[in-house]
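Q: Supplied in structure tokens, the structure appears directly below.
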Amino acid sequence: MKEDHKTTSADVKLDCIIMQPKDILEVQEGDSLAVPSPAESREVLRKIDFCMIPLMGFCYLLQYMDKLALSSATLLGLLQNLDLHGSQYSWCSAIFYFGYLAWSWPSSYLLVRFPTGKYIAVTVFLWGGFLMCHGAVHNFGGLMAARFFLGVGEAAVAPGFALITGMFYTRKEQPLRQGAWFAGNSLANIFGGLVAYGIGQIETSSLGNWRLLFLIMGSITSAYAFLLYLFLPDSPDKAAFLDEKQRRIALERTVENQTGLLDNNHFVPSQVIDALTDPQLWFLVLYTVSVNLANGGLTSFGALVVKGFGFSNLNALLIQMPIGVAQLVFLLLTSSLATILPSARLVLMIFNTLTSMVGMIMVYECKSRAARMTGLCLGSVFAANIPLSLSLISSNVGGFTKRSVTSATLFVAYCVGNIVGPQFFQTSQAPKYATGLRASLSGLAFGAFFLACLLVYYVWENAQRNKRHGQSQRRSVDEALREDLAGKTDRQQPDFRYMI
């Protein structure tokens, strides 16, 4: 829908993520959208959960296992075989995020212009191929090239899944569902170590075990892309697991989100300006850069840090499993609480970040191996904030173009933090990596501060809107649909209130 097109009740069509111009749902003059019964809504939600969450969750598990593969490969002989020294390994980790960064903005545009599910499936297939290329490199330059293109391949997945979650779920439902598919991230920490340990036991191959790790993981990922292409829907109207009536109900369930799901395939320039001048974006950017100083270092050097506690190479792969368990516990706890208490998301994010600060202090200050391992487990739980932050975007950013730009900008910030973070982990400081741990702790402290600033901003902005426009009024589905079709962002809708 072009920005200057005047929507009338006679020609409104859901030419959008939900419906294309000639598809089955129309709102003609005099029509009304009947509110679905609670039983009908529950049945549709059950089908969406059953089909969508496993598809996205397993894909996210593969993504993080593939990301951890480099760290695991260091304990299977990669550093020695490729003769990496000095800061070369840090740059092999960081270059991944340059690729991620380079493709984030183009990917945000392509997610709008092309069928979302199909585009994600193609990128997953490519990332699997790029991961297999890791197994063929013979020097620092080859590994750098493979890592860069792996970042390109993975750039669409998380923002794409966040957009899909916004299409299929109400604002209240989103935190738990974001957490459900993001649980693959925590499970990857558990199963990734097991897979790497098993591959490390292979003694009959002429290839190095670290090469086998990349080849096996990459082939699994590319094969899974075919399942995504067949079964991951582009939008509710393309969901093969819903019948025609249920697709209509899927639209009616989410139309009151007021987050602009109905302007797909139309890139609206004014929404780009709206996004880049929105204070909430920049508080989230500063938070994201800060905490990913810790994430970048721990993702790349986690296996080496654990080995520094006194474990053998293969045992260090296994001992990382409790980190995944800790992340999973905090993820399920905070995502569930955020669903029960929709106004507690930022408080829960601050809690997770402060918990990670305590953990990093334990790793830095404690002497016993058990205490340091406990600290490392706690130090990683800030990762449980990612689905909560994605749900903030889905819930609080109106306008499809604005939300795409916001998502892309935050993933740029994510890349910047992950590029800078590993540079503080200096091989000369092994096995304690004191500078890296201090940088991680500082990043977490700044992250908690910027979350507190965002919380204050949301409370203030909602109070100002209540003062100017009165309390937000619940609108009918018809009214919500027609306002959504107008392509308005959150700042252009007087009835919009930010979920805290």
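Our numbering is plain: 1 for the first residue shown, then up by one each step along the chain.
Even glycines carry a Cβ here, placed using N, Cα and C.
These came from TrEMBL, pasted as-is:
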DOMAIN    52-465  domain 'Major facilitator superfamily (MFS) profile'
TRANSMEM  88-112  transmembrane segment
TRANSMEM  119-137  transmembrane segment
TRANSMEM  149-169  transmembrane segment
TRANSMEM  181-200  transmembrane segment
TRANSMEM  212-232  transmembrane segment
TRANSMEM  281-305  transmembrane segment
TRANSMEM  317-334  transmembrane segment
TRANSMEM  346-364  transmembrane segment
TRANSMEM  370-393  transmembrane segment
TRANSMEM  405-425  transmembrane segment
TRANSMEM  437-460  transmembrane segment
Q: Under a Cβ pair cut-off of under 8 Å, which of the recorded stretches 149-169, 212-232, 317-334, 437-460 contacts the transmembrane segment (181-200) most often?
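A: Out of the listed stretches, 317-334 contacts the transmembrane segment (181-200) most.
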Q: Any chance you could find the range in 212-232, 281-305, 405-425 with the most Cβ pairs under 8 Å to the transmembrane segment (370-393)?
A: 281-305
Q: In the same chain, which residue numbers or ranges, 6 or more beyond the ends of the transmembrane segment (281-305), come under 8 angstroms Cβ to Cβ?
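A: Tertiary neighbours of the transmembrane segment (281-305) are 67-68, 70-72, 74-75, 89-90, 93-94, 97, 275, 316-317, 320, 323, 353, 356, 360, 363, 376, 379-380, 382-383, 385, 389, 392-393, 406, 409-410, 413-414, 416-422, 424-425, 430-431, 433, 436, 439-444, 446-447, 450-451, 453-454, 457.
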Q: Which of 88-112, 119-137, 149-169, 346-364 has the most Cβ pairs closer than 8 Å to the transmembrane segment (212-232)?
A: 119-137
Q: Taking the domain 'Major facilitator superfamily (MFS) profile' (52-465) alone, what is its mean pLDDT?
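A: When the pLDDT values over the domain 'Major facilitator superfamily (MFS) profile' (52-465) are averaged, the result is 89.
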Q: Check the transmembrane segment (149-169) against the transmembrane segment (405-425) for contact, please; criterion is three or more CB pairs under 8 Å, pairs 6 or more apart in sequence.
A: yes
